[in-house]
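Structure first, then comments.
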Amino acid sequence: MQREYDYIIIGAGSAGNVLAARLTEDPGVTVLLLEAGGPDYRLDFRTQMPAALAFPLQGRRYNWAYETEPEPYMDNRRMECGRGKGLGGSSLINGMCYIRGNALDFDHWAKRPGLEDWSYRDVLPYFRKAETRDIGANDYHGGDGPVSVATPKNDNNVLFHAMVEAGVQAGYPRTDDLNGYQQEGFGPMDRTVTPRGRRASTARGYLDMAKPRDGLHIVTHATTDRILFAGKRAIGVHYLVGNSSEGIDAHARREVLVCAGAIASPQLLQRSGVGAPDLLRALDVQLVHDLPGVGQNLQDHLEVYIQYACTKPVSLYPALQWWNQPAIGAEWLFAGTGTGASNQFEAGGFIRTREEFDWPNIQYHFLPVAINYNGSNAVKEHGFQAHVGSMRTPSRGRVHAKSRDPRQHPSILFNYQSTDQDWQEFRDAIRITREIIAQPALDPYRGREISPSADCKTDAELDAFVRSRAETAYHPSCSCAMGTDDMAVVDGQGRVHGMEGLRVIDASIMPRIITGNLNATTIMIAEKIADRMRGRPPLPRSTADYYIAGDAPVRG
C-alpha cells in the first residue's frame with residue numbers, strides 16, 4: 001500500500017471531504033483521507049432518510065456519543081455531545097438544516113487582525129460555489145455545487161405556515177430566505193436534501209465525485225493516533241485500523257490537514273504534542289509546540305423545546321406509530337417523496353430579543369410534532385414545538401485530552417449558562433415564544449402548553465426549567481480559533497501558528513460561533529481555504545446587499 005501522499009486529511013467530515021474533492025481536482029495530486037468511522041451505507045435508512053434523523057444519535061455506529069463533564073450551571077448534568085462518525089462526519093447525522101449564519105457574523109470575524117478576508121462579501125461566493133439550490137441560482141445561492149439544498153414547498157404541513165404567520169403577527173419581520181438578503185425574521189428553512197429525498201451529506205456531494213480519481217485513497221475505520229513531526233514540521237501521521245494495536249505510518253510531502261471537528265481536532269493536537277505545556281506534561285506527552293489556545297474557547301448553542309398540544313389532527317404524531325411507518329418508508333424508498341423525505345424542520349426564524357443586539361441573538365426551529373431532537377420523550381398525542389436558543393453566548397469552555405490513548409474520549413466542558421446574559425436571553429426567549437404561540441394564526445391548533453407548562457412563569461421557575469431540560473443543539477465550535485492573538489491556534493488560512501505543514505480546517509477554527517447551524521459554514525470554510533492551498537485567486541467578492549438592522553426596532 002502506498003505510504004506517501006501529497007496531503008493527509010484526518011477526518012472525512014463536513015470539511016475533510018470538501019478538501020479531498022477539491023485538492024484531487026488538480027492532476028497528479030495524491031490525498032490520503034482517514035476516517036475513524038465506517039462508510040456511509042446508502043441502504044441504511046437511519047442516515048439516508050431525512051425524517052429518520054434521530055436514529056443515528058441513538059447508537060454508536062455513526063455517533064461518537066461524547067459526554068461533557070458535569071456542567072456546573074446545569075444541575076451538574078453530564079450532557080450529550082453527539083458527533084458524526086463515518087464518511088460524511090456530522091453531515092451524516094445532523095438535522096440537515098441549511099443555515100449559513102448572519103452576514104454580520106462574518107463581518108465581525110473580519111474585524112479581527114489577520115482575518116480581513118473573511119467578511120460576508122468575501123465568503124458568500126464560497127457558499128454559492130458549494131450549493132445547488134432546487135429552485136435555481138441567484139445573487140445569494142448557487143446552482144451547480146456539490147451540496148443539494150431543498151426549499152420548502154407551499155403544500156407542506158399547515159403548522160409550518162401557521163407558526164411563521166404567528167411570528168409576524170407578534171411583530172417580527174417576515175423573510176422569504178433565511179440565507180438571503182435578510183436573515184432576521186420568520187420564514188421557510190432550507191435543508192440539505194437531494195431531489196430524490198436523500199440526505200445530502202458531504203460524502204454524497206463531494207466524495208462521490210472524487211472517488212473515481214486515482215489520486216484519492218480513502219481508509220475507513222482508521223483512527224489517527226498522532227501527527228508525526230520533524231522539528232516543527234508535520235511530516236505524516238500514525239494511525240490504527242479497526243481494533244488493531246499495531247499502527248501504520250503515512251507520510252505527507254506537503255501538508256497534514258486536521259479536519260476532525262471541534263472535539264477531536266484539539267484532542268489530536270494535544271496528543272501529538274501541540275498545546276498547553278501543563279496539560280501535555282500531565283499526559284506525559286513530549287512538547288512539540290507551546291500553543292495554549294488549543295482546546296480553549298469552546299462554544300456551542302443550547303436550546304429548549306417549548307411544546308404544545310395540537311387540537312387538530314394535523315401534526316406528525318401518526319408518523320411515530322409503527323403501523324404507519326412501513327408505508328412512509330416505502331414511499332420514501334421508491335418515490336423519494338412524502339413524510340420520510342423531509343427533516344421536518346421547514347420553518348424557523350431569527351430575532352433580536354432586545355435593542356442592544358445588532359443582529360439576531362435567538363434562533364427558532366419549528367417542528368410539527370412534540371418530541372426531543374434525539375427521538376426520546378415523544379408526547380403521545382398530536383402536538384407541535386418550537387426549538388429556541390441563544391446564538392452567541394459569552395460562555396466559554398474547553399476540550400482536554402485525558403490520555404495518549406486515541407480511543408479514549410476527551411474531557412469536555414462547555415460551561416453552559418455561566419453568565420447573566422445567558423440566563424436573561426433564555427428567559428426572554430421563552431416568554432417571547434409564548435407570545436408568538438398565542439397569536440391568532442395558531443388559534444385553530446393551539447392546545448395546552450405541555451413543556452415547560454403554563455405554571456412555569458417566574459424567573460426562578462424558568463431558570464430551573466433551563467437548567468434541567470435544555471440540551472445541546474449539536475454545534476460545538478471555536479476550539480482551535482483562527483486569529484493572531486495569544487490564544488489563536490491558526491491563521492486565516494488554517495495554518496497552525498509556529499508550525500509548518502500543518503493546518504486545522506473545520507468548525508473548530510471559527511473565532512466566534514455563528515448565528516445558526518454550522519454545517520453550511522464549515523463547508524464554506526473548507527472551500528475557501530482549498531482555493532488558497534491550490535494557489536488559486538480568491539473568488540471575486542460578492543456585491544450582494546444584506547440587511548443591517550441599524551436603528552430598526554426589535555418588533556415592527
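Even glycines carry a Cβ here, placed using N, Cα and C.
For H475 (active site, proton acceptor), the same-chain residues lying six or more positions away in sequence with a CB closer than 8 A to its CB are D300, H301, A507, I513, N517, L518. If you look up Swiss-Prot, you'll see H475 marked as active site, proton acceptor.
In sequence order, I8, I9, I10, G11, A12, V219, A222, T224, V237, Y239 constitute the residues six or more apart from L34 (FAD binding site) in its chain with CB-CB distances below 8 Å. In the three-state DSSP assignment, the secondary structure recorded for L34 (FAD binding site) is strand. The FAD binding site annotation in Swiss-Prot covers 6-35.
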Next on the checklist: According to DSSP, collapsed to three classes, what secondary structure does V18 (FAD binding site) have?
Outcome noted: helix
Item to check | Lowest local Cβ density (other Cβ within 10 Å) among binding-site residues: S14, T30 | outcome: T30
Checklist entry - In the structure shown, which of the binding-site residues I10, V18 has the fewest other Cβ atoms within 10 Å? => result I10
Checklist entry - To which of the binding-site residues D6, D26 does the lowest count of other Cβ atoms within 10 Å belong? => result D26
Checklist entry - Tell me, how many other CB atoms lie within 10 A of the CB of R22 (FAD binding site), whichever protein chain they belong to? => result 23
